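A short worksheet on the structure shown next.
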Amino acid sequence: MQRRQGRVSAGLLLLLYQISQVGLQNIPSVTLGVLALNIFLFLNPVRPLSEVCISVKEGFYRKNWQRLLLSPVHHADDWHLYYNMISMLWKGIMLEKKLKSIWFAYIIVVFSVLIGVVYMVLEFMLVKILDDPSYEMNCAVGFSGVLFALKVLNNHYNPGRISSVLGLQISSKYACWVELVAIHLISPG
């Protein structure tokens, strides 16, 4: 988990271009803040990724709870940042307008912490079920879990829509689950 600090790259430039196309005035305040925080921490990480990622070993056994706050806002590379923040941009625009900024900010904070907790619980269960202690060492960073939770929430507030997943037309209420499996198959890391 090494990344060059402060490096402007293709994924970051494309993200900034996409944000400019939407227009800063069209992005609600909390969504814009989340984008800015993630971009800032990508360019100026608090610590190396190996010191902010969440795992059973670091989060639970070593009681390094700050990783619950740091892991969601750090990204492995510029494309990881790009895909997560483009998804955040569209979900944020839709949900923040519907839920209002204060409630949306609260949801982002709660989801950010809970996703790390759920990740550690699932990894701990894999250790016990598969009798494989290597799962305690798996370390994760990024906003993907929060985005998945926001997608489920968005589907709740906007029912009956159809989504295209890998060219297949699927009801939006199931699309997030199909996307999760597809992402895992395409990019298991």
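Note: Cβ is positioned from N, Cα and C throughout, glycine not excepted.
Now, the feature entries from TrEMBL:
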- 63-157: domain 'Peptidase S54 rhomboid' (DOMAIN)
- 1-24: signal peptide (SIGNAL)
- 103-122: transmembrane segment (TRANSMEM)
- 134-153: transmembrane segment (TRANSMEM)
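Mapped onto DSSP classes, the domain 'Peptidase S54 rhomboid' (63-157) shows 78 helix, 1 strand, 16 coil. If you take every residue in the domain 'Peptidase S54 rhomboid' (63-157) and average the pLDDT, you get 92.
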